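Here's the structure, in structure tokens; my notes come after.
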Amino acid sequence: MLLRIAHLAGLQLLISCCRAFACHSMESSDFSLPGDYLLGGLFPLHSGCLQVRHRPEVTLCDRPGTFNDHGYHLFQAMRLGVEEINNSTALLPNVTLGYQLYDVCSDSANVYATLRVLSLQGPHHIKLQGDLLQYSPKVLAVIGTDNTNQAATTAALLSPFLVPLLLEQIQKVNFLLHGDTVMFNDNGNPLSSYNIIAWEWNGPKWTFTVVGSSTWSPVRLDINETKIQWHGKDNQVPKSVCSSDCLEGHQRVVMGFHHCCFECVPCEAGTFLNTSDLYRCQPCGKEEWAPDGSQTCFPRTVVFLAWHEHTSWVLLAANTLLLLLLLGTAGLFAWHLDTPVVRSAGGQLCFLMLGSLAAGSGSLYGFFGEPTWPACLLRQALFALGFTIFLSCLTVRSFQLVIIFKFSTKVPTFYHAWVQNHGAGLFVMISSAAQLLICLTWLVVWTPLPTREYQRFPQLVVLECTEANSLGFILAFLYNGLLSISAFACSYVGKDLPENYNEAKCVTFSLLFNFVSWIAFFTTASVYDGKYLPAVNMLAVLSSLSSGFGGYFLPKCYVILCRPDLNSTEHFQASIQDYTRRRSST
């Protein structure tokens, strides 16, 4: 009972000393001992503070209820060790060791204590100078701390001052301690034998058992595993690792200095973890892909608009139907070439228009199957040139009707010059030649080539042509846009022409449908860049060709097949006379 009371009194005295330490007065005899050579001791006599902090501040160590038994035992072990050395006549004769001990209950207290042991004797400050080898801090060596993070901080602060400084006399030390020889090598490392002990805790009480030994001459390590009592279930040995093994496809990202302490981070998409290197994800090959957290790469799927797909069948059927309609219309117009409807539609010029539409329709077959160099070279350019010829013919035909009915009498000189110099054919040739020049420049400078695209989809290789990414494609498209506007303007000017010659409504509808089709294509291309983009492109081309054919030729085919009474010279003359009367009355 008396021993218990004495122990509690000692703890109370120790807490009082800790409070004095926290206030930066380390004068208690329990914490310091004068001597020829001073040793520093850093021990956690109190537990750390776990509260959330909003600003940096020094932790007071003497908080109630935070006393640390383990730190106190380490503290007393150093005191007793120094006293035993000083009381021995054989260990360090004529030399007295002293110590200064500090309570490192927190990171802030640890930094403060480390700076104190580096300070000079007397003024208690650290003098900065160029040659740190000449610096003589208060202590020659430091024992502690038992916390890994605090030990790293202490080591970083002590290293520039070479603490512990390898004492010159340490290589000369050679003595017996409890039957064991104590000596050091040239580097100051001890060569003594050690006992390996296992601490056994039972609540606040503890004991230890010797489970092995280490000797240096000869170098030998003996461990009796049967004496070790592990705290796991059924005395199972715990894993001696800092971090658990990572899941498959997760790389180890080292945290700190040791490879055994790491975080597990999943490999990014397109990379995989090779079991030969667990610390770095390796990229997949160009023709391969991998999802997040993968241990292997997979072959990419090669995609293109194949002939056998359902989408291809629908587009092929629609395009083939258009070609048959164009061919049938050409035969129908050839059979009724001398009728007023065919002559008013342009006569033989209609065959050039039908042929240009057929050429554009034929270009669509280049969109199916794996892209090849000839297909990439011709498919867009052939459509652009064919549609240019059609729009040029449509423009010049509407312009001629306007000249005949509105300007032949008002500007006869211009009308006769237009007729004598074959203005219609000359316009079509010049307009088509300009588009041909644009297309040739496109094919030479920005040559469309088959390519394998890897960026848009991680698991796919998209086979495509490069024509849509070039300036030549944009120029050819803009040129056709200008021709469409010209054809629309000429048709609109002739909106009051005789009924048989007035095609403003049908032409306006077809051109507007053409604009909408391409606007829809470019809008889709801006948000979707996948496998079926060529199909969307084909749909826009097919819509342009179909609207041009439907707006211009279908009404005439209807008159030829279903209303032969309107396909007569008398009907056209009556329509012209009615227009003349209306013009003269206004």
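In case you wondered, yes, glycine gets a Cβ from its N, Cα and C as well.
A quick note: this is a predicted structure, and the numbers were derived from the prediction, not measured.
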- Message: Need the matching range: TrEMBL marks transmembrane segment on one of 72-92, 534-554, and I'd like to know which.
- Response: 534-554
- Item | Feature contact check the transmembrane segment (534-554) with the transmembrane segment (380-405), CB under 8 Å, 3 or more pairs | yes
- Item | Contact call for the transmembrane segment (469-494) against the transmembrane segment (534-554), three or more Cβ pairs under 8 Å | no
- Could you tell me whether the transmembrane segment (534-554) and the transmembrane segment (313-337) are in contact, taking contact to mean 3+ Cβ pairs under 8 Å with a sequence separation of 6 or more? yes
